[in-house]
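Just below is one structure, and these are the notes that go with it.
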C-alpha cells in the first residue's frame, strides 16, 4: 500500500508514474481533499475531547461541592453526542481513503521498459544451448501419457479439468525436484518453511491478493473464518511476520517455502490449458526475503542468481526478461521473469518471477524494523521469487531431455534424487 502523505504531497508525479502501467489513476485526485477533511476532523475531535474532559472535571467539582450538576451533565452529554458523530464521520472518511489506497498498485521502478503487456518486456540475456533435435520433438502431454507418468483423464474424473495425477516416475520426478530445490536454497542460507495451505482474509490483503484479485483465488464458502486456499507460497510466508517489528541486526531474513498452490486461472485458454502448464493446483518452491530498504535492489539481483542456478544445474536453456510497466504485478516495483525454452512451443515460457515490492507489502502487512540510528520503527522491504514452479520444470525436463524412442534422460543433478538416469 502506498503512503497517504507521500501520495498527497507528490500527487502529480505519483499519478504520472502509476499511469506508466497503462491504466487511469484519476481517482487519486480525490485524496488531497479527503486527507484535508480527515485532518480537520481529527482537530475537531481533539478539541471536543478536551472540552469534554473539562466538562467532566466541572461535573466532578460541582458534585463534590454538593451543587446542582444538571446543567453541567446536560452539557457533557451534548459534547459526548457531538464527539460520537464526529468519530463516526472520521471512521467513514478513513475507510474511503483506505479503499482508494487498497486498490492502488505499487509504483513501477524507473528502470522498467514502458509498455502495455508482456510483448513490451525486455530480454536481458539468454543462458544455455537450445537443443537441435534429429527428430520432431513431442510435447510433454504426449510424452507423459506414453510413459504413463501423468494421468489427466483420471484426474478429470476426480476433480475436473485443470488437474493431474502424477504416477510412478512422474510422482518421483516431482518429489525429486522439490527436494533438489529446497536443498539448494537451504545451502544458500534460506530457512525452510512449509506453511499452512488455508489462509485468512488479513493475510490475503497483506500481500495484495485482496481485494483486487478475489476472482482469481479459491474461497472456502462453508467457512465462518473467511478462509482461502493458498494461491502462492508468497502469501503465508510473508504473513509469518505480519504485525511484527524486527530487532536491529536480524535482517536480512531469508526463507525458502514449499507449498501446493491453488488458482482459478479464469480466462485461460488455448495451448496453455493443455497438460500441466497452467493448472488449478500445482507445487511451487518460493523464496522470500525481508531486508533493509537500502539493500533491497542488491538482494533482488542475488535472488535472481539463486533462482537461475536451478536452471543452470538442470542444464535447461533459459532467458531473463525485465517486465514492462504494463505487465508488472500489482504489488511489485520491479520484476524479472525467468523463461525456459520449451521445444513444443518453440519459444521461451515463464517458469518463475523474482520481484521487489519495496515497502508496499510491508505497509499492508505492518511489518517494520527498529532503526538503531534513530530508534524509530520503519517499514522493511520484501522480496519474493520463484525457486521454481515445479510443474513447469517437469515440462521443461520432459521436452528438453526427450529421446527419439520416447524415453526421458534424467538430468545428471537429479539422478541421485530419482535413483535412475532414465524415465522409460
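A Cβ is built for glycine as well, from the same backbone N, Cα and C atoms used for every other residue.
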Of 156, 159, 386, residue recorded by Swiss-Prot at the L-serine site of 232, 233, 234, 286: 386
Residue 351 (ATP binding site): tally of other CB atoms within 10 A of its CB: 25
Binding-site residues clustered about residue 352 (ATP binding site) [Cα within 10 Å; pool: 232, 233, 286, 386]: 286, 386
Residue 352 (ATP binding site): tally of other CB atoms within 10 A of its CB: 26
Fewest Cβ neighbours within 10 Å, where candidates are the binding-site residues 232, 264, 353, 386: 264
